[in-house]
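Beneath this line is the structure, given in structure tokens, with notes to follow.
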Amino acid sequence: MSLRSVLVAALAALAVATPVPENSLQERQLMSSNDVEDGVCRDVTFIFARGSTEQGNMGFVVGPEVCTSLKADLGSGKVACQGVGGAYTASLAPNFLSANTDPQSIQAATDLFEKAVANCPNTQIVAGGYSQGSAVMDNSIQALPADIQEKVKGVVLFGFTRNLQDNGQIPNYPKEDVKVYCALGDLVCSGTLIITPAHMTYGVNAGDAAQFLASKVQ
């Protein structure tokens, strides 16, 4: 069996083993947020890309918790939240590409940044990504046009799959505006795609991440 096959099996096994909320309509809604798609304008817009195999467009490991914490910090009426969906299906195979995701997933994130700025020109954007979603955000943000990128005030990355390759930062984006969370024992942050239980622990960082993002827009 090839190393790639072993890693795919490990990712799939972990996805099956990870507890997922029951498939009720209410719980699925908690894993999705579509404020940008729905044309909602707030002072702050949070755009998040979930990890591989996560349900909804926000996932369940950390995305919804950051959104909730950010609303608690800034006021629920001041924050819009949007998950990256559409062409970003969070499937496993794109992790093995050179960008650790695929072009259509990167474009899905870029489209949301562009839509947020076009529809809500006064909003301040903050962003986040987990696992494959961190690669989606990394690749999208570094290539944004300057007038759109300057609207992105802060980014949080959890289990950053390109942490080693990109030196713990997003190329062509201010390092001080990025906070990377890499749990002890998460081998993904060491340049591998080997999934360990540590990779699923980033919910504990949601509050701190929200505080970091809030500090960038206050």
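Counting begins at 1 with the first residue displayed.
Glycine too: its Cβ is placed from the backbone N, Cα and C atoms.
Quick caveat, the model's predicted, so the values are computed rather than measured.
In Swiss-Prot this protein carries:
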type	residues	note
ACT_SITE	SER131	active site, nucleophile
ACT_SITE	ASP186	active site
DISULFID	CYS41-CYS120	disulfide bond
DISULFID	CYS67-CYS81	disulfide bond
DISULFID	CYS182-CYS189	disulfide bond
SIGNAL	1-17	signal peptide
SITE	SER52	site 'Transition state stabilizer'
SITE	GLN132	site 'Transition state stabilizer'
Measuring Cα to Cα, how many angstrom lie between CYS41 (disulfide bond) and CYS81 (disulfide bond)?
-> 10
Compared by Cα position, which of the disulfide-bonded residues CYS67, CYS81, CYS120, CYS182 is the closest one to SER52 (site 'Transition state stabilizer')?
-> CYS182
Reading the DSSP string in three states, the entry for GLN132 (site 'Transition state stabilizer') is helix
Per DSSP (helix/strand/coil reduction), CYS182 (disulfide bond) sits in coil
In the structure shown, which of the disulfide-bonded residues CYS67, CYS81, CYS182, CYS189 has the fewest Cβ neighbours within 10 Å?
-> CYS182
Could you say which of the disulfide-bonded residues CYS41, CYS120 has its Cβ with the most other Cβ atoms inside 10 Å?
-> CYS120
